[in-house]
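Novice: Mind looking over this structure? Questions follow.
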């Protein structure tokens, strides 16, 4: 397993944790929490793979993926820990995860034949639509669509820079790091300076 | 680009406009409006193509489709125009769009192996399920399913007549025009005479 | 048509009945009820087939499936019968249906390349996600995810026993019957003894 794989699995763990905490806030049982954790981490990539007809779907037969989704749910249901204390850590890991998911989505959809605008679109979908489906399951208007901190926009900007930089730089690891740093910075600025998109 | 293509792209423009206005009513930001506009215009066709395994999905790599979704959002967010004045025009264009989407859905699914009842089903899905997904994203019970003006029913009747008339008429343009006229007429009658389906 | 097919079609009839009753409770019209009935009976299998890329999707061009979805809707809209009287019968048939859908989902996904944990997952999805989509369409938090009677858990246990028993027993009908009995028993115990999963 490469360093990149390890980092991606960390992203999945954090996304699952978010899903499980979300489930607790909605008084779901353990089964509901597993569904929500799975959807939050793998929902975006599933939509991308189904739309692009990229088969097999990215998590199929990956028992580690299953374990990474179930473990956070078990941890949260056993340890009644106050996760607010970890808020800063989760915010940071989530932003890194966004960057990784965006880049993974761009690369995979380009590989299956998407042109540049559509691979950017698929990158943003990969990173953000898991949370959107989770919000639908919880019967909320998805946070993603409402006015608030830059989230999808951060992915879109980071992803666009990644696509552009790959034209000029040979080493895609460099482009990846640029993309992640950019997304983390935009997320931080948006959070603390209250930068938002205008309402339509 | 044929005349038919131009008319279909007009339908997409109107469906996107509906999505963007819907997004404004739900206080979404510009990103949310783009998602809603995209889903309203391309959601039904996407479900059809995914279910029928018709690949590539109809909007893939179509940069014009992307432009036709984003333009109405930009127009609406810049020009704070009162679209109620255009209500009649939008009602009419929407009805024509319904007819075009129904016929496009029927033809495409028949081409990918659906029999007549199922291609009719897919025609109705193509025309109406974009709005249904948009309603889910806005956290409403889909209008489509609630008792009200004939909408899906208009598509079903128009589509059934289209399928029947293709058996007897060589020229499918003629069947298309019959179908669209029928849908427009049913929509108008339903609106002004308050014709509805019974509750279950 | 084999005995198994007949039993499965009975399951579909009951699931459609549930969907149609759900539609009545939400004041939908006949079209809405047909959509809800279809989604309740075929939604789970559709998700499974789309995710596994099992084509054609299980209900495609099956006119009997269409009839089995539409008939309960017509019955319910014509006969304003009080279905509460049939509650016990519906509870029992629903539990048998759960077992059949779970086993059908496990077998079909295994046939299309899922390993054991994932075919179990797909079995549970087949049996339970139709109701979940129906709840989303009705704008409710899905019952499935909330704390309550064991439902998905019953499928998971029954499905796991089915997979295990197939390793040791040649005759898969025997494993099927074990699985269904187990699910019916767990459902009954859970209902009358108020056994639930813990909250997360």
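Cβ coordinates come from backbone N, Cα and C, glycine included.
TrEMBL lists these features:
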TRANSMEM  B:6-23  transmembrane segment
DOMAIN    B:9-76  domain 'Glycine transporter'
TRANSMEM  B:30-51  transmembrane segment
TRANSMEM  B:63-82  transmembrane segment
TRANSMEM  B:89-106  transmembrane segment
DOMAIN    B:92-165  domain 'Glycine transporter'
TRANSMEM  B:118-138  transmembrane segment
TRANSMEM  B:150-168  transmembrane segment
TRANSMEM  B:174-190  transmembrane segment
Novice: State the residues, same chain only, that lie 6 or more residues beyond the ends of the transmembrane segment (B:6-23) and have a CB under 8 A from a CB inside it; answer 'none' if no residue qualifies.
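Specialist: 32-33, 36-42, 64-65, 68-69, 71-73, 76-77, 83, 90, 93-94, 96-97, 100-101, 104, 130-131, 134, 138.
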Novice: Are there residues at least 6 beyond the ends of the transmembrane segment (B:63-82) whose Cβ is under 8 Å from a Cβ of it, and what are they?
Specialist: 9, 12-13, 16-17, 19-21, 23-24, 30, 33-34, 37-38, 41-42
Novice: Summarise the model confidence on the domain 'Glycine transporter' (B:92-165) as a single mean pLDDT, whole number.
Specialist: 92
Novice: For the domain 'Glycine transporter' (B:9-76), DSSP counts of helix, strand and coil?
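Specialist: Helix (H, G, I), strand (E, B), coil: 54 helix, 2 strand, 12 coil.
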